[in-house]
Amino acid sequence: MINKPHRSVLSCLCPTEEQHLVKELVAMSTRDRIKAIRDLPMSFDDKKHIRYSCHCICDIQDLHHCSQTSLPPQAFRRCGANMTLARQTLELWRGTMKEVGGKFGTGVLSYFKFLKWLLMFNIFSFLVNFGFITIPQLIYHPTPDIPTGVSFKGLEILTGAGYFSHTVMYYGGYSNKTQGTGGWPEYNMQLAYFFTITAYMVLCGAALIYSMASSFRKKYVLADSGLGGAWQLLCSWDFSVTNERAVRQRKNNLRIQLKVTFTEAATLLLPFVVSLINLVVPLFYSLFKKIEHYSNPRMQVYAIIVRNVILKMSILGILCYYWMKDVANTFSCWESIVGQALYRLVIVDFLFIMLGSFFGEFLSNVIGTKCIQSLGVPEFDVARNVLDLIYAQTLAWIGIYFSPLLPVIQIIKFFILFYLKKVSLTQNCQPPRRAGRAAQMQTIFIAILFFPSFVGALSMVAYTMWTLPPSDNCGPFRGLNTTFSAIQIWMDDLNGVDGFQWIVWIYQHVIRSEIFYFLVSLIILVFIYIFRQITQGRKLLIILLRQQIVNVSSSELSGPKCLVHQCCCV
């Protein structure tokens, strides 16, 4: 590399040589031209002159090219650019994402991107369920069948029981009849419920597989219920009652009221214990990193992820076994009972996430800055917080069959959680000291969301639809042996309709055939093998190209640079 000369290099170049230099630079791509001009052994003013000459020639060529082509392609490109700019402007949380990424790095930003991604899942779920299940039910039955004496008390917001159990919030609030009264067209609620849930789960699985493959490819190659009990204990006694029999009857009534209140509150015991375990045990896991010394920060994160996944999936597995074996054989409308349990788990999990932000981040910040300054300001635990999101989404996927409107609660939860975590991050946490590979972590998170989260939820829903008998007194599938029996009834109806026998034939000879699924599995395995071989070949090609770039960079000199060297030697 030649240092800056004492006299202008352009003075050494004759006009013909300068034109030849500019011509060679113009023939290069924009990136190569910028790099070549930067490497020229000239003064800054000379480089500006050369760059200006190149720009003038490029502008003339562009104008000449535009005069020979039609304007509509340019208009379309300009319109597309404007639409892209408008979409980016309207994109949800775009500015906040940039702020978090710029201050705390891509590792912490991956949590907020993951939360936003899950929010899109739930918005899609709500639109599908509300459009194909809830709206038809509300059209044909605008008012729910609320028993006499049942009213909204406010505690239902936490428990999900009571008034909500008789509405379209849960499985039991939907009819099993083919709707078509009052001039409306016929609408089969059984088929709508079955195909909506099935289509949503299939689309979610496809989206997860695509996102996981894409990421791998890119990265590796509220009511206050506490006052009711206090009011009943301290203020509900009528001191004007003096008759002994009336007093005894009043005491019995008060005892029954308190018993009912405590029974409703006791429904929160299970989600409270589960959420408490999910809050406390991961905090202990996070303390293990003080004892365990990993040379690679990713190994430390992987260890925390494995422990938390085993904990959360074990809890959900036990709960699912309890719901399928005990609840399904005990209650008359057991689907709504399971839906209420999942509703309470979602609500209490949200409350404990807020408590976790307070105890895990705010108090750690206070202790690290005021009491034990050697601890310092805490870092944002990306792994633990992302696993909390995966656990919450697993609850939503399991509950999609038992509570079609559960995604509404999840949408509200994720919206509040985004701003809560953003405030907690900016006020209580510091940027990570050691930057991990956020892109690879994003791939791991999507993989965990697919398995065991989505696969487990899909297995739970599939087992319910194909094996367990529906309730006899509620829901769209009442009176059937299984949920899937609705498809068999539909096929029997189509068999008697002219022009639809081919659908029945496909169902009987293709969909219900074991050979069909064997062939599909075989084809999938063949495609997986082919794509794996293509990936391995591309990896080898990338290695060879990189080695070739290194060899060329170390031995080749650019044409303009050689020309300037020759002129300077003269």
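For all residues, glycine too, the Cβ spot is worked out from N, Cα and C.
Bear in mind that TrEMBL entries carry predicted annotations, made automatically and left uncurated.
Since this is a predicted model, take the numbers as computed values, not measurements.
Noted in TrEMBL for the protein shown:
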- 333-439: domain 'TMC' (DOMAIN)
- 117-139: transmembrane segment (TRANSMEM)
- 191-210: transmembrane segment (TRANSMEM)
- 265-288: transmembrane segment (TRANSMEM)
- 300-322: transmembrane segment (TRANSMEM)
- 342-360: transmembrane segment (TRANSMEM)
- 395-420: transmembrane segment (TRANSMEM)
- 441-463: transmembrane segment (TRANSMEM)
- 515-531: transmembrane segment (TRANSMEM)
Query raised in the report: Given pairs 6 or more apart, does the transmembrane segment (265-288) have at least three Cβ pairs under 8 Å with the transmembrane segment (342-360)?
Result: yes
Query - Integer average pLDDT (0 to 100) for the domain 'TMC' (333-439) - result: 85
Query - Helix, strand and coil totals (DSSP H, G, I; E, B; other) for the domain 'TMC' (333-439) - result: 80 helix, 2 strand, 25 coil
Requested in this report: For the transmembrane segment (300-322), find every same-chain residue at least 6 residues outside the stretch whose CB is under 8 Å from a CB in it, and list them.
Outcome: 274, 277-278, 281-282, 285-286, 288-289, 292, 294, 341, 345, 382-384, 387, 390-391, 394-395, 398, 436, 441, 444, 448, 452-453, 456, 460
